[in-house]
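*Asks:* Swiss-Prot lists these features:
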- 8-282: domain 'tr-type G' (DOMAIN)
- 17-24, 81-85, 135-138: GTP binding site (BINDING)
Amino acid sequence: MAREFSLAKTRNIGIMAHVDAGKTTTTERILYYTGKIHKIGETHEGASQMDWMEQEQERGITITSAATTAQWDGHRVNIIDTPGHVDFTIEVQRSLRVLDGAVTVLDSQSGVEPQTETVWRQATEYGVPRIVFANKMDKIGADFLYSVQTLHDRLQANAHPIQLPIGAEDDFRGIIDLIKMKAEIYTNDLGTDILEEDIPEEYLEQAQESREKLIEAVAETDEDLMMKYLEGEEITNDELIAGIRKATINVEFFPVLCGSAFKNKGVQLMLDAVIAYLPSPLDIPAIKGVNPDTDAEEERPASDEEPFAALAFKIMTDPFVGRLTFFRVYSGVLNSGSYVMNTSKGKRERIGRILQMHANSRQEIETVYAGDIAAAVGLKDTTTGDSLTDEKAKVILESIEVPEPVIQLMVEPKSKADQDKMGVALQKLAEEDPTFRVETNVETGETVIAGMGELHLDVLVDRMKREFKVEANVGAPQVSYRETFRASTQARGFFKRQSGGKGQFGDVWIEFTPNEEGKGFEFENAIVGGVVPREFIPAVEKGLIESMANGVLAGYPMVDVKAKLYDGSYHDVDSSETAFKIAASLALKEAAKSAQPAILEPMMLVTITAPEDNLGDVMGHVTARRGRVDGMEAHGNSQIVRAYVPLAEMFGYATVLRSATQGRGTFMMVFDHYEDVPKSVQEEIIKKTKGE
């Protein structure tokens with residue numbers, strides 16, 4: 001089957017926002033107006049099309065990024081609905097990795113909120129062009145210009161309105177288009193009848209001022225427009241649209257639109273803006289990768305003529321078809337039934353069926369083309385972030401960075417039958433979600449699961465019970481501490497056993513130095529003259545990695561340490577891999593005596609919103625929890641406090657804040673970085689882990 005939509009008429013977009021900004025409702029309306037659904041489902045009634053997991057419909061939040069395909073104005077729009085809750089950051093990250101553009105949805109009463117900042121930062125890292133939709137203009141307290149101001153103040157974004165609202169709250173009845181300089185008035189509840197009129201007299205002056213500011217802001221991003229503007233020549237609508245498109249695609253400018261998805265206003269105009277201003281796969285730089293055979297950098301331009309290259313960005317288990325692998329095609333064409341090379345794993349995979357997804361319903365297709373997003377059935381070894389390419393033109397595309405989990409809890413099956421099912425369930429859930437880790441404590445046999453936050457683990461335990469019918473007892477959440485060295489040292493590890501049977505002999509000298517935060521463990525072989533034979537070097541590295549899994553102070557994993565093996569000796573007969581592994585672990589223990597080992601704890605960026613009268617209480621809460629205030633700002637009658645607080649001190653804080661503010665205070669937290677725990681706390685942690 002020939003390609004239905006050209007690359008120029010394809011848009012791959014994400015919808016991203018803070019939790020509760022109305023993102024899923026916005027996506028629902030897009031599906032409604034593009035003819036994908038015939039009845040609108042409200043999130044707060046638990047009937048949304050995109051939120052298809054039971055937990056999502058119950059909680060009214062989006063957990064997994066559902067992918068769907070819609071058509072608008074002769075274009076194909078592939079939409080990924082991403083979660084707004086911070087515990088599901090990986091879902092946002094992996095969608096951004098495969099998108100070409102995004103719509104950031106704001107609650108126009110609150111403007112930029114904490115999770116908006118997180119997803120905005122991630123989108124900036126991936127260089128994703130964005131338009132902004134200030135939603136909920138019908139809500140009490142809605143303030144469009146305040147929302148625009150928060151984009152400047154909190155995100156330092158060069159964002160400018162290309163629309164203005166007519167009225168607000170209950171009186172929100174239409175939108176002024178600052179490019180056409182016309183008013184769009186809504187005359188029915190479904191938002192399908194729109195009258196285009198002249199701008200009402202009382203809004204004309206504000207509209208003219210805003211248009212002038214818009215032209216100036218766009219002209220600043222383009223030399224030719226700037227010359228015309230400075231010489232007083234008129235900039236035509238076509239030139240303005242082209243200028244906005246170019247600046248938006250270059251991530252130099254962010255158009256801001258307004259509306260109310262719930263009240264069916266502004267969504268079609270936002271779809272027009274997606275087509276007008278967000279890039280097609282042809283507008284963005286060709287994806288780069290590395291040839292696994294030559295290590296040379298290669299590009300894959302968006303074209304059906306190029307060799308096939310795609311990135312797997314999500315794994316899901318579907319009750320009807322089994323394991324689904326979502327992938328984005330960057331170049332080339334793929335037919336169902338063909339073979340591809342998973343270059344990340346070095347394995348050949350067969351594509352069974354190819355499905356085009358619409359939330360949780362699906363349509364089988366024969367072929368996918370460059371720029372498409374689809375799901376494949378039948379891939380056995382592919383996981384999130386793997387590259388799938390033509391067997392004759394291999395390339396490894398840049399993968400998806402996975403954040404480390406910060407919170408863990410113990411799960412215990414209720415019966416022997418549950419134990420077997422639990423192993424399978426946890427393995428499948430971990431395949432779907434790379435931020436979810438499962439470990440078994442070797443000494444106690446307990447199963448420990450780790451994730452990005454309490455809600456994250458709640459949802460996964462819930463899925464284990466519902467989807468896999470596993471009954472389990474769940475322990476209290478615990479912090480995922482880490483350990484590291486704060487000083488450099490040299491240490492010897494010497495292991496010798498020569499009594500009875502085959503002897504063992506391993507002798508190493510290793511220099512340990514602190515590594516940069518986030519760099520993890522790095523091993524360097526600096527052996528000269530074969531004092532440690534080459535075949536035993538991997539055993540030394542393996543011995544260190546295994547020992548570092550249970551750190552020297554309290555048994556927490558060690559991170560950010562460099563180890564340089566620079567000397568040692570061996571025995572012709574008695575030396576073995578095992579002996580050198582043990583010698584390496586002894587060197588690590590020895591190093592701990594002088595390398596200033598430290599325990600690290602996850603620090604959360606906490607944003608607390610509370611009535612002004614309770615500001616003193618909130619500041620007290622932060623200080624009492626070993627936190628430090630990073631900034632404050634007033635918003636109406638509330639104060640917003642941003643602070644860094646250890647995760648260990650945040651358990652149960654929701655209850656404390658609720659009672660201090662009579663239920664009017666709220667907080668959000670997102671993992672920010674790891675930091676040394678104070679000495680007194682370190683001693684307590686060590687005592688606790690040793691059961692003293």
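Any Cβ shown, glycine's included, is placed from N, Cα and C.
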*Asks:* Same-chain residues six or more away whose CB lies under 8 A from the CB of Met137 (GTP binding site)?
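*Replies:* Met137 (GTP binding site) has long-range Cβ partners Ser108, Phe144, Pro165, Ala168, Glu169, Phe172, Cys258, Gly259, Ser260, Lys265, Gly266.
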*Asks:* If you count Cβ atoms within 10 Å of the Cβ of Ala17 (GTP binding site), leaving out that atom itself, what do you get?
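*Replies:* I count 30 other Cβ atoms within 10 Å of it.
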*Asks:* Looking only at the domain 'tr-type G' (8-282), what is the model's average confidence as pLDDT?
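*Replies:* Mean per-residue confidence for the domain 'tr-type G' (8-282): 83 out of 100.
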